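Quick notes on the structure that follows.
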Amino acid sequence: MDIAIHHPWIRRPFFPFHSPSRLFDQFFGEHLLESDLFPTSTSLSPFYLRPPSFLRAPSWIDTGLSEMRLEKDRFSVNLDVKHFSPEELKVKVLGDVIEVHGKHEERQDEHGFISREFHRKYRIPADVDPLTITSSLSSDGVLTVNGPRKQAPGPERTIPITREEKPAVTAAPKK
């Protein structure tokens, strides 16, 4: 069976996801559906996305969601980490990169035993000081990592020139 492979750097002009702000299909450690194991047709999409990612139950839609925003005054990353406790998460700044790591060892759930682990890296914009990056975890399991953007210089202004009557350089007395 032949499966067409489309390279992500080949863009079609009317494809709606030219530069998505969200990473698609991030179901960290979620169990597979039977339909995930069968090949699918790529005739409708130039990129491969698991079809069940948009057909799953509504409660699964935001699982593993990662969203990066660059607003006027701040840079932020929101990451759905509801399957991890705060002790199982680490956020580090390495140079101009934020690294988020989550891991929990094998434990039992309603389907059997499961362990999860993920790594995410985000480049810090040049106008955000890495020393100002903070993170917080909401009660519904969304990790937010953010930092303020440096303020742009004010608008251009013309400085008036005033004329003085005395010279700036005076001659030194002759010896």
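Placed from the backbone N, Cα and C atoms, the Cβ positions cover glycine too.
Taken from Swiss-Prot as is:
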MOD_RES   M1  N-acetylmethionine
MOD_RES   S19  phosphoserine
CARBOHYD  S41  O-linked glycosylation site
MOD_RES   S45  phosphoserine
DOMAIN    56-164  domain 'sHSP'
MOD_RES   S59  phosphoserine
BINDING   H83, H111, H119  Zn(2+) 1 binding site
MOD_RES   K92  N6-acetyllysine
BINDING   H104, E106  Zn(2+) 2 binding site
REGION    142-175  region 'Disordered'
MOD_RES   K166  N6-acetyllysine
CARBOHYD  T170  O-linked glycosylation site
Whole-number Å value for how far H83 (Zn(2+) 1 binding site) lies from E106 (Zn(2+) 2 binding site) (Cα to Cα): 12
Composition by DSSP (helix, strand, coil) of residues within the domain 'sHSP' (56-164): 9 helix, 56 strand, 44 coil
Proximal residue to K166 (N6-acetyllysine) among recorded positions H83, K92, H104, H111 (C-alpha distance): K92
Binding-site residues compared (H83, H104, H111) - the one with the fewest other Cβ atoms within 10 Å: H111
Candidate recorded positions H83, H104, H119, T170, pick with smallest Cα gap to K92 (N6-acetyllysine): H119
Neighbourhood of H119 (Zn(2+) 1 binding site), C-beta criterion under 8 angstroms, separation at least six: E99, V100, H101
Local Cβ density at E106 (Zn(2+) 2 binding site) - other Cβ atoms counted within 10 Å: 9
